């Protein structure tokens, strides 16, 4: 699918299967989400540009690669997106963090915005927007709309699961934003949940209903 990368690493798929099980506990779900987010982050950042820097090792001077220019912003779509942040920040602790408050109205399935906080220089950084689920796509579309209003243009979207309907809507709204996901599931049900899915990621992560 154009503009969509499915990260099918065996460890990603193994951990995702355990997360899907309905009997997986809240604590295990949260731990697995942190672990899998590190693996996903590795893939979504694999083409970052490097520059050479002269350094001193204990033995000699050498030229060694280092990330070039201003670095990353991880933009979490609240609240479930926060479950992906910890593992990603373990990998890139210098990344800035943005929080975007968007929730889905369960009656209309439309996004409701309530919070936005991002670094002032988002136009100069690579923004990786994270949310475990790309269902209808409405929340992620709204979040990226807000980032673009602030000048962001180098954006990627990372999720755990995606529905074909959500991908179609997302790509129509933001064809310039590549999508990275661990799985493209079958479809959305009448309530807008991804099927077979794993349920509500936020509820399973925080033990709420």
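A Cβ is built for glycine as well, from the same backbone N, Cα and C atoms used for every other residue.
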Worksheet item: Considering the 5-phospho-alpha-D-ribose 1-diphosphate binding residues 79, 131, 132, 133, 134, 135, 136, 137, 138, 139, 200 given in Swiss-Prot, which of 31, 34, 46, 104 is annotated for that site as well?
Response: 104
Response to the item:
Most Cβ neighbours within 10 Å, among the binding-site residues 131, 200, goes to 131
Worksheet entry | Close in space, distant in sequence - residue 79 (5-phospho-alpha-D-ribose 1-diphosphate binding site), Cβ under 8 Å, 6 or more apart | 202, 206
Practice prompt. Would you list the other residues of this chain near uracil - those whose C-beta lies within 8 angstroms of the C-beta centroid of 194, 199, 200, 201 - in sequence order?
Written response: 132, 133, 161, 193, 197, 198, 202, 203, 204
Worksheet, complete the sentence: residue 199 (uracil binding site), DSSP three-state class -> coil
Discussion item. Rank the binding-site residues 137, 199 by how many other Cβ atoms lie within 10 Å of each Cβ and give me the one with the fewest.
Written reply: 199
Response to the item:
Across the binding-site residues (133, 201), the Cβ with the fewest other Cβ atoms inside 10 Å is that of 201
